[in-house]
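A.B. asks: Take this structure first; my questions come after.
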Amino acid sequence: PHTGRLALYLLGLRATCPPPSPHRALVTWLKYYLEEDWTGSRRHGHPLTSYYQYGLGVLALCVHHKRVREEVIRRLLTAQHHGRLGHGGNTVDTEAVVALAFTCLEQRRLVGTGLAAELRAAAHGASRSMAEAQGPDGIIGNIYSTPWALQVFLATGTCQTEPAFGQAMAALLENLEAFGTAATMAQVLPVLHGRSYLDVASMHCQEEPDTLTPLDIEPLPEVSGNKTVQLVVECPLPWCYELRLYNRPVPAPAAASLLDVLRAAAALEPHDFKFHTQDTPQGPFLTQVLGLEARQEKRNYWQLLTAPNTPLQMGIADYRPQDGETLILRLSEW
């Protein structure tokens, strides 16, 4: 099911103030996808896509003022209560999307009084959990999940009393260069204006000015010279018996991104080093290295780290490693 993609499309469509008729069929399709998605739970114990996409679907329906069956909402509540929204790694974005969906349903009065109280308590619990997950640098989870957490603080009203809000906002302002794609900009722009996705539901479209004017963006300055990056590929148990599968220096232009470094490694050793990516709204996503594929049904992914063990805050097309830096591609579970 294309739950998350359709949910994001409907959120964006609502923000553009369209006439009501074109998207009615899409809302019906999203309701259908939510039911189809849940069929995976009977076999795998979680939706066929993910709780992140499932929460996005509920949020999109709420923003469009559509009631959601209580059973659908209970699925998310139960998952949150039992800590099933993530399996290791960063789960902030999933918890935030679910908390926004809960807050929307409660504030739009699309549920009964008793369930509304449960949703309010769950959303505030998620807000406290995000504050506890904040690192010393102010980032919550990683730089891309931080706007999601800030949206929860704004939507629940805890931004006025939660110290983590100001620290996370300061960290966000220091790392705005990380948000270079339309999808990541869509997450951060509402926060910079003190808004969350919930505000899309209450927009007065007749009062919205047309501000969609193109901007002239100056190209990045050219950087001359070369650099060498130590590239390491790791595959721990249970997927591989040998942890380190690749460990070699890779020469590349000084301005090269991590994606450029991977291409340079493939050009140097076309028979030994191969990789594949998948295009996403956030940019290219690393899916396969040395023939090892990260698959959603296996709940694993290629984690990007700088040695010895620091996760990267950017994707492969955005991160530009320094000369002499060691980069690790590690097959990890989520």
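Start at 1 and count along the chain as shown; that gives each residue its number.
Using the three backbone atoms N, Cα and C, a Cβ is placed for every residue, glycine included.
These numbers come from a predicted model, not from an experiment.
Quick paste from TrEMBL:
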BINDING   Thr49, Ser50, Tyr51, Tyr52, Gln53, Asp93, Asn142, Gln187, Trp302, Gln303, Leu304, Leu312, Trp334  cyanocob(III)alamin binding site
DISULFID  Cys62-Cys104  disulfide bond
DOMAIN    256-332  domain 'Transcobalamin-like C-terminal'
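Situate these features within the shown structure.
C.D. replies: For Cys62 (disulfide bond), the count of additional Cβ atoms within 10 Å of its Cβ stands at 26 [all protein chains shown].
As a summary of secondary structure, the domain 'Transcobalamin-like C-terminal' (256-332) carries 14 helix, 31 strand, 32 coil according to DSSP.
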A.B. asks: Which one is it: of the binding-site residues Thr49, Gln53, Asn142, which Cβ has the fewest other Cβ atoms within 10 Å in this structure?
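C.D. replies: Selected from the binding-site residues Thr49, Gln53, Asn142 on minimum Cβ neighbours within 10 Å: Asn142.
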A.B. asks: Roughly how many angstrom lie between the C-alpha atoms of Thr49 (cyanocob(III)alamin binding site) and Cys104 (disulfide bond)?
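C.D. replies: Thr49 (cyanocob(III)alamin binding site) to Cys104 (disulfide bond), Cα-Cα distance: 22 Å.
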A.B. asks: Where Cys62 (disulfide bond) and Gln53 (cyanocob(III)alamin binding site) are concerned, what is their Cα separation in Å, rounded?
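C.D. replies: Cα-Cα, rounded: 14 Å.
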